[in-house]
Amino acid sequence: MKLATWNVNSLKVRLPHLLDWLAREQPDVVCLQELKCEDAAVPRAEIEAAGYHLETLGQKTYNGVAILSRTSLGAVQRNIPGFADPQARVIAATIEGVRVVGAYFPNGQAVGSEKFAYKLEWLTALTQWLRAEIALHPKLVLTGDFNIAPEDRDAHPDWKDEIHVSAPERAAFAALTGLGLTDAYRRFEHPERSFSWWDYRMNAFRRNFGLRIDHILITAPLIETLSACEVDKSTRSLERPSDHAPVIAVFG
DNA sequence: ATGACCTCCAACGGAGGA
């Protein structure tokens, strides 16, 4: 199984890139974030024509998540159970015995802000739900745009803002790994300063001024078959790119 | 530097992103 996550920053704008990339990479499962459109506006026909089933949790203007799969998606869950969230950030489904949770974590804006408090509350709710979910599904993948760079090496040394690298955010990330989830990317050797997001401004991609905030976390039974995990930076050089690159994990 | 760039909106400036 080849599984990927990609924050497309508008499904409508990025659809040509997505379709080209699906044809080239042939992933089996793709979690998408920041659709920025309602379910009714999702270009289902084009994605289905590319060979994918899809389940979405759309929202106008902001947020919105989807899971694409070559095989059918079962037991679809939208948002975090028991957490009344007006923002569309989570979708989960069972695919060939693997519970796949695709999430668009809150940005948090600035440490200490209202949005930061929401980010931490959201992370607590996600963690509580996943504790139960992992007990039900030993093979589980948590993937998406985490908006957290878990270690210093996951942020450019010149990143001066606290957001995405603060102690509370990193503690929340550690709580997730404490559930028995492993960062698939760190199971392999990578160059220093490997990132998944680069600001649109200031030639950030050319200067590799970025953060590694898009992740694929997996439970122990999936580690045995994990054979690769990479960031695909190629899409970031296209015309009108997403500011995030896809991250791809290969099992088996 | 209250910046820069991109996407969205009952839009033409502001919000949000990261």
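Every residue gets a Cβ built from N, Cα and C, even glycine.
Since we're looking at a predicted model, the values are computed, not measured.
Secondary structure from DSSP puts A:Y104 (active site) in a beta strand. A C-beta separation below 8 Å, combined with a sequence spacing of at least six in one chain, links A:Y104 (active site) to A:N7, A:Q33, A:E34, A:N63, A:G64, A:V65, A:A88, A:R89, A:V90, A:G144, A:D145. Here TrEMBL flags A:Y104 as active site.
The active site, proton donor/acceptor annotation in TrEMBL covers A:D145. For the recorded site, A:D145 (active site, proton donor/acceptor), the DSSP three-state label reads strand.
Sequence annotations record features per position, and here TrEMBL assigns active site, proton acceptor to A:H244. Within its own chain, A:H244 (active site, proton acceptor) has A:W6, A:N7, A:V8, A:N9, A:Q33, A:D145, A:S196, A:W197, A:D214 as residues 6 or more apart in sequence whose C-beta sits under 8 angstroms from its own.
Other Cβ atoms within 10 Å of the Cβ of A:E34 (Mg(2+) binding site) number 24 in total over all chains. Taken from TrEMBL, the feature Mg(2+) binding site covers A:N7, A:E34, A:D145, A:N147, A:D243, A:H244.
Mean model confidence of the domain 'Endonuclease/exonuclease/phosphatase' (A:4-244) amounts to 97 (pLDDT, 0 to 100 scale). Annotated domain 'Endonuclease/exonuclease/phosphatase' per TrEMBL: A:4-244, in sequence order.
Per TrEMBL, the feature site 'Transition state stabilizer' maps to A:N147. Sequence-distant neighbours of A:N147 (Mg(2+) binding site) (same chain, 6+ residues apart, CB-CB distance under 8 A): A:F105, A:P106, A:N107, A:G108, A:K119, A:H164, A:E169, A:I213.
Look at TrEMBL and you will find A:D214 tagged as site 'Important for catalytic activity'. All protein chains included, A:D214 (site 'Important for catalytic activity') registers 26 other Cβ atoms within 10 Å of its own Cβ. Mapped onto three states, the DSSP output places A:D214 (site 'Important for catalytic activity') in strand.
In the three-state DSSP scheme, A:H244 (active site, proton acceptor) is classed as strand. Among the features that TrEMBL reports, site 'Interaction with DNA substrate' is placed at A:H244.
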For a quick check of understanding: among the recorded positions A:N7, A:D145, A:D243, which residue's Cβ has the most other Cβ atoms within 10 Å? A:D145
Mg(2+) site shell beyond A:N7, A:E34, A:D145, A:N147, A:D243, A:H244, criterion: Cβ within 8 Å of Cβ centroid: A:N9, A:Q33, A:Y104, A:W197, A:I213, A:D214, A:S242
